[in-house]
Amino acid sequence: MSVPKKRSHGKLSPSTKDVDDPSLKYTKAASKCEQVAEHWLLQPLPEPESRYSFWVVVVTLLAFAARFYKIWYPKEVVFDEVHFGKFASYYLERSYFFDVHPPFAKMMIAFIGWLCGYSGSFKFDEIGYSYETHPAPYIAYRSFNAILGTLTVPILFNTLKELNFKAMTCAFASLLVAIDTAHITETRLILLDAILLISIAATMYCYVRFYKCQLRQPFTWSWYIWLHGTGLSLSFVISTKYVGVMTYAAIGFAVVANLWQLLDIRAGLSLRLFMKHFSKRLNGLVLIPFVIYLFWFWVHFTILNTSGPGDAFMSAEFQETLRDSPLSIDSKTVNYFDTITIKHQDTGAFLHSHLARYPQRYEDGRISSAGQQVTGYAHPDFNNQWEVLPPHDSGVGKGQAVLLNQHIRLRHVATDTYLLAHDVASPFYPTNEEVTTVTLEEGDGELYSETLFAFQPLKKSDEGHVLKSKTVSFRLFHVDTSVALWTHNDELLPDWGFQQQEVNGNKKVTDSSNNWAIEEIVDLDEDRKLYVPKVVKSLPFLKKWIETQKSMFEHNNKLSSEHPFASEPYSWPGSLSGVSFWTNGDEKKQIYFIGNIIGWWFQVISLAVFVGIIVADLITRHRGYYALNKITREKLYGPLMFFFISWCCHYFPFFLMARQKFLHHYLPAHLIACLFSGALWEVIFSDCKSLNLEKDEEISGTPYQKNPKVYVKPYAVFLVCVSAAAAWFFIYFAPLVYGDVSLSPSEVVSREWFDIELNFSK
């Protein structure tokens with residue numbers, strides 16, 4: 001094979017034509033420099049268009065029926081509708097809130113509420129709250145997601161169609177999503193995953209269309225349209241959840257592989273043209289999507305311009321950019337010698353003490369200090385009141401504001417004792433410190449250092465800012481032993497503790513569960529009750545965005561505590577356990593989030609079979625045995641490898657994440673596995689063998705099968721059997737998807753497959 005002559009000033013020699021010439025394809029540049037799956041993808045569809053049209057309508061109608069069936073039921077708040085319905089209400093009220101996810105999908109849900117004329121008055125506070133007594137456009141919210149969930153199915157269908165797979169393959173792969181119980185549940189409720197999944201599906205579809213345009217002729221209108229369509233879809237993914245980084249990785253692998261081929265000297269591209277390919281992709285897939293991503297945050301900040309429940313997560317400087325709300329109007333500066341109540345943010349319990357003492361010896365034999373109990377109490381009470389005092393020799397006078405991270409002391413008003421933490425094990429946690437109180441004489445004497453605390457800000461930049469009630473969160477930090485006060489309701493104190501919450505000193509100081517706030521300043525002077533409107537300040541957009549990003553990642557990484565419904569990545573392929581979304585004890589009804597176990601196991605088998613085929617092909621070719629024909633290998637190392645790598649990108653990163661993981665986190669990987677599985681089995685049921693087992697069809701000029709035969713009858717029987725099994729599972733578990741049927745205990749038990757634990761089994 002001849003080597004192209006040396007180029008001059010970025011131009012090809014007269015004897016070598018540039019493949020980017022509109023009249024040429026890449027394959028004409030040099031032999032053997034073919035793009036991945038070029039022969040296969042540039043062929044016409046293997047079946048009439050009418051057949052594809054028929055099957056896409058069928059699977060879309062099935063998806064529609066599955067998602068819209070009794071969309072109004074239950075007429076109660078279900079699972080994370082608590083969060084995303086609430087966030088929509090905050091958008092409509094323009095009250096600032098904080099969440100670990102980017103704003104795009106939440107704003108789309110809120111937009112539906114705005115279209116319905118909803119004011120955002122209902123806050124979706126608890127699972128089981130009735131929509132009939134708390135009016136909200138929940139059917140519109142759910143229908144929006146159900147529409148997106150339905151439209152995801154034809155997008156998947158057409159992705160495989162663009163890859164030249166048969167209509168029955170397209171229908172089968174999209175059916176696996178259409179009747180998957182996990183996808184149905186997630187896309188018919190007020191959740192974010194419907195928007196996430198359709199964005200991922202659109203990304204895959206647009207990139208396939210872009211790649212086919214690339215094979216035909218780059219830099220055409222259609223080439224640009226599908227390039228930017230891919231970028232737009234990627235921006236929607238990353239603007240919905242940060243798992244969109246995985247989708248970026250999947251597309252990134254494909255783009256880098258394609259650029260690597262274009263960089264090959266045999267492709268005949270000048271450096272100028274290669275840089276054009278590179279810059280257009282960088283612009284369309286990275287820069288413009290990033291600008292769109294930032295745009296949604298700009299809209300987010302513009303809408304949420306009023307103080308709200310998210311204030312506590314942001315710096316004082318950020319909070320100054322928000323207008324006053326009823327919450328911030330009630331917020332008052334805390335001064336020394338004020339009597340206050342302190343409320344734990346996670347559990348809502350007040351810091352509390354009373355005359356009762358810890359037992360000298362606990363049931364497990366450990367010894368306590370037998371000091372006065374300090375507990376968490378859920379109700380307003382005189383014993384919740386504490387006076388804020390300055391340390392000795394501070395020179396602080398009455399009426400002087402308390403600053404964050406200043407040393408302070410807390411006197412329990414009812415018992416006239418000082419709050420204290422010391423190196424004695426707490427009742428439930430031997431590694432955490434006991435919190436108690438001591439007399440004024442002891443606290444002012446030898447135990448003085450153990451009575452020093454600080455209202456430690458959650459952000460170091462807030463150190464020295466004024467402490468305010470309601471809106472400023474802090475950690476109650478013990479200066480002497482460097483622990484933060486913490487309470488929990490995982491287990492309540494026994495009778496000697498009046499079934500109240502334990503309060504102890506947590507050595508993991510920065511845990512988000514250590515956060516407290518001043519609930520009330522008792523007997524506030526009339527002058528201090530007067531409302532003085534604050535001056536709203538401005539902050540550069542990028543500064544607000546960077547602070548928000550830091551808070552989002554910080555709190556996302558702190559979601560690491562164990563959860564009874566958590567699902568590790570090694571358990572998802574079998575879909576062995578799910579999540580209880582909703583229960584109705586009176587009627588014995590429930591919604592349980594679980595994947596279609598038959599379909600999910602089928603995908604696991606398909607992935608394993610593919611790995612086996614690839615390994616076998618590489619080994620046999622290395623030994624000079626060419627079992628697979630060229631077109632089969634194009635399919636395996638083209639579309640199927642693209643889907644396989646995309647699945648890996650959406651699955652394996654979860655092994656590296658320390659945060660809580662749930663079954664819904666793996667739905668993007670499952671979505672791609674459905675595409676992969678359908679495509680793989682068409683290849684398996686095709687005539688895959690090489691014309692000459694001892695000769696490589698990859699060698700230029702070697703004859704090969706341009707369109708291997710698919711053994712339609714056995715393939716159709718196989719697809720029908722798998723589809724019927726998946727459909728049976730969907731029908732059998734439908735009462736747990738829709739929650740509209742009361743099952744008897746025996747019927748509940750019969751559905752407790754593997755590690756599934758359902759309610760009302762007794």
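The backbone N, Cα and C atoms fix where each Cβ goes, glycine too.
What you are looking at is a predicted structure, and each value in this text was computed from that prediction instead of being measured.
Taken verbatim from TrEMBL:
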- 1-10: compositional bias 'Basic residues' (COMPBIAS)
- 1-23: region 'Disordered' (REGION)
- 52-69: transmembrane segment (TRANSMEM)
- 104-120: transmembrane segment (TRANSMEM)
- 140-160: transmembrane segment (TRANSMEM)
- 167-184: transmembrane segment (TRANSMEM)
- 190-208: transmembrane segment (TRANSMEM)
- 220-239: transmembrane segment (TRANSMEM)
- 245-263: transmembrane segment (TRANSMEM)
- 284-304: transmembrane segment (TRANSMEM)
- 331-391: domain 'MIR' (DOMAIN)
- 399-458: domain 'MIR' (DOMAIN)
- 464-521: domain 'MIR' (DOMAIN)
- 598-619: transmembrane segment (TRANSMEM)
- 640-659: transmembrane segment (TRANSMEM)
- 665-685: transmembrane segment (TRANSMEM)
- 715-738: transmembrane segment (TRANSMEM)
Can you give the mean pLDDT for the domain 'MIR' (399-458), rounded to a whole number?
94
Decide whether the stretches the transmembrane segment (140-160) and the transmembrane segment (598-619) have at least 3 CB pairs under 8 angstroms, with pairs required to be 6 or more apart in sequence.
no
So which residues does the transmembrane segment (665-685) touch in its own chain, when a touch means Cβ under 8 Å and the partner is 6 or more beyond its ends?
152, 156, 159-160, 163, 165-166, 169-170, 172-174, 176-177, 180, 182-183, 186, 193, 196-197, 200-201, 204, 243, 246-247, 250, 567, 569, 572, 595, 599-600, 602-603, 606-607, 609-610, 632, 635-636, 639-640, 643-644, 646-647, 650-651, 654, 710-711, 714-715, 718-719
Same-chain residues near the transmembrane segment (167-184), Cβ under 8 Å, at least 6 residues beyond its ends:
47, 51-52, 54-56, 58-60, 62-63, 66-67, 149, 152-154, 156-158, 160-161, 197, 575, 578, 593-596, 599, 602-603, 663-664, 667, 670-671, 674-675, 677-679, 681-682, 715-716, 719, 722-723, 726-727, 729-730, 733-734, 736-737
In the same chain, which residue numbers or ranges, 6 or more beyond the ends of the transmembrane segment (190-208), come under 8 angstroms Cβ to Cβ?
78-81, 84-85, 88, 101, 104-106, 108-109, 138, 141-142, 144-146, 148-149, 151-152, 155-156, 158-159, 162-163, 183, 226, 229-230, 232-234, 236-237, 240-241, 243-244, 247, 251, 254, 639, 646, 664, 667-668, 671-672, 675
Are there residues at least 6 beyond the ends of the transmembrane segment (598-619) whose Cβ is under 8 Å from a Cβ of it, and what are they?
176, 179-180, 572-575, 627-628, 633, 636, 640-641, 644, 647, 670, 673-674, 676-677, 680-681, 684, 722, 725-726, 728-729
Six or more residues beyond either end and a Cβ under 8 Å away: which residues meet both conditions relative to the transmembrane segment (245-263)?
33, 35-36, 200, 203, 207, 211, 214, 230, 234, 237-238, 269, 274, 277-278, 281, 285, 642, 645-646, 649-650, 653, 668, 672
